[in-house]
Amino acid sequence: MGGVVGHGDSPRNSSPASKLEKKMVEAMQQRAQLGTSVKSFNSVIMKFPKIDESLRNCRTIFQQFDEDSNGEIDQQELKHCFQKLDIESTDEEIKDLFEACDIYEHMGMKFNEFIVFLCLVYLLNDPAVSEARKRMGLGQLEPTFETLVESFVFLDKNKDGYVSKSEMIQAINETSAGERSSGRIGVKRFEEMDWDKNGTVTFKEFLFAFTRWVGIDDNEDEDEDDVE
């Protein structure tokens, strides 16, 4: 499984309790009421290859929105993306989402950041926009996004919209009962997710860590997409 996410640039610390974070937490709390089909962290790990393949298929969608083909989606291109998806959002909401996903502050959304953006849109938006998403080729990705949401719900034992270190250790212990290394593995996985080092993990932080776990790096180029 993928390495620690600490190489390269240091990601920006999240601003506490931003509007977007509150929306994510509320949406995840509501989603948690429906439960999850995930029974163990190992069952998530077993899905890594299929999830990796599905997420890499986002490349063609990314290229549609990268209008100047510079390998990044800027804020104006993201606004066009919302228009194409028929998602009604204010300029402030688009700016907040862009800044949340532009975690390295490059002023451009790279491929792995775009994947996080798509999954957040899936979580936060009303099902009424699903037809527009399908026209853009996103419909086939929704089962993958749902798997990611369910995985987070599984980790979030107290259903407060965040994952704590103790919850991550508990999830690993449930999978690796009796193994002496399970606690260390849980701590390592939590540290890979907790990018702002505040002791709790949001769904956004979970998604960024997950793209690394399945092997999608922020610095990979298109030539690597065909490599198994």
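Cβ coordinates come from backbone N, Cα and C, glycine included.
A TrEMBL annotation is a machine prediction, not a hand-curated record.
Pulled from TrEMBL, these are the features on record:
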{"type": "DOMAIN", "residues": "53-88", "note": "domain 'EF-hand'"}
{"type": "DOMAIN", "residues": "143-178", "note": "domain 'EF-hand'"}
{"type": "DOMAIN", "residues": "188-216", "note": "domain 'EF-hand'"}
{"type": "REGION", "residues": "1-21", "note": "region 'Disordered'"}
(request) Helix, strand, coil: count each for the residues of the domain 'EF-hand' (53-88), based on DSSP. (result) 21 helix, 1 strand, 14 coil
(message) For the domain 'EF-hand' (143-178), how many residues does DSSP put in helix, in strand and in coil?
(response) 24 helix, 2 strand, 10 coil
(request) Check the domain 'EF-hand' (188-216) for me and report the mean pLDDT. (result) 91
(message) Counting by DSSP secondary structure, give me helix, strand and coil numbers for the domain 'EF-hand' (188-216).
(response) 17 helix, 2 strand, 10 coil
